[in-house]
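Participant: Mind having a look at this structure? Questions to follow.
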Amino acid sequence: MDLTNLRAKYTTRGLDIKDLDQNPFKQFETWFNEAIEAKLTEPNAFSLATVGKDMMPSIRTVLLKIFDEKGFVFFTNYKSTKANQIKENPKAAALFPWLDLERQVKIEGDIQKISTTESLKYFLSRPKGSQIGAWVSHQSQVISSRSLLEQKFDEIKNKFVNGEVPFPSFWGGYIIKPTKIEFWQGGQDRLHDRFLYELKENGAWSISRLAP
């Protein structure tokens with residue numbers, strides 16, 4: 001299939017450094033709120049890239065659940081492929097593709113587990129079905145059929161029908177602690193605007209314009 005003529009024409013006015021907040025987390029919050037206001041589908045969905053000791057990169061979509069100036073938090077099974085890769089190489093990259101706004105945000109940094117207390121707090125906020133789902137799915141393992149998953153779901157649902165679903169020790173959150181955050185805005189004639197925030201040793205952030 002020849003896709004050489006499949007292209008979009010960017011129409012936004014562009015982005016200037018004077019438009020940016022000096023704090024990348026505040027800039028992210030501004031863009032994130034604008035993505036919500038634009039009614040984008042799951043604006044908190046992002047692609048997470050990790051690399052294990054075999055040096056083969058892996059990428060998948062996960063959901064951002066918390067962010068502040070400490071970092072960006074998502075939740076997963078601690079026995080999953082991504083968790084094993086993070087254990088072997090605690091570095092990650094994330095990409096938020098807000099394409100309807102002609103924007104994307106790329107984040108790179110260190111990654112680590114959050115505390116059990118923080119993970120428990122979020123687990124208790126989830127719908128009961130999602131809590132059960134965390135117990136049912138041995139993430140990334142081969143299964144024989146979907147019906148097996150559904151059977152296990154029903155078994156656990158019946159087991160805890162009159163009580164709380166216990167917190168699984170193999171499930172919890174990770175936080176990406178960024179060292180680089182790049183904001184990309186589409187521009188006419190492919191003259192896109194890219195600004196890179198980099199964390200310095202003194203804790204301050206520098207801002208540089210990058211060629212598109």
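Cβ from N, Cα, C; glycine included.
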Participant: In Swiss-Prot, the FMN site includes ARG60, THR61, VAL62, LEU63, LEU64, LYS65, PHE75, THR76, GLN104, GLN139, SER140, TRP184, ARG194. Which of LYS82, LYS200 does it also list there?
Facilitator: LYS82
Participant: Cα-Cα separation of LEU64 (FMN binding site) and ARG126 (substrate binding site), in Å?
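Facilitator: For LEU64 (FMN binding site) versus ARG126 (substrate binding site), the Cα atoms are 14 Å apart.
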Participant: Counting Cβ neighbours within 10 Å across all chains shown, tell me which of the binding-site residues ARG7, LYS9, LYS65, ARG190, HIS192 comes out on top.
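Facilitator: Checking each of ARG7, LYS9, LYS65, ARG190, HIS192, the winner is HIS192.
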Participant: Across all chains shown, how many C-beta atoms besides its own are within 10 angstroms of the C-beta of ARG60 (FMN binding site)?
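Facilitator: ARG60 (FMN binding site): 14 neighbouring Cβ atoms within 10 Å.
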Participant: Among the binding-site residues listed here (LYS9, LYS65, ARG126, ARG190, HIS192), which has the Cα closest to the Cα of PHE75 (FMN binding site)?
Facilitator: LYS65
Participant: Sorry to bug you, but what's the C-alpha spacing from LYS82 (FMN binding site) to LYS65 (substrate binding site), rounded to the closest Å?
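Facilitator: Counting only the Cα atoms, the answer is 17 Å.
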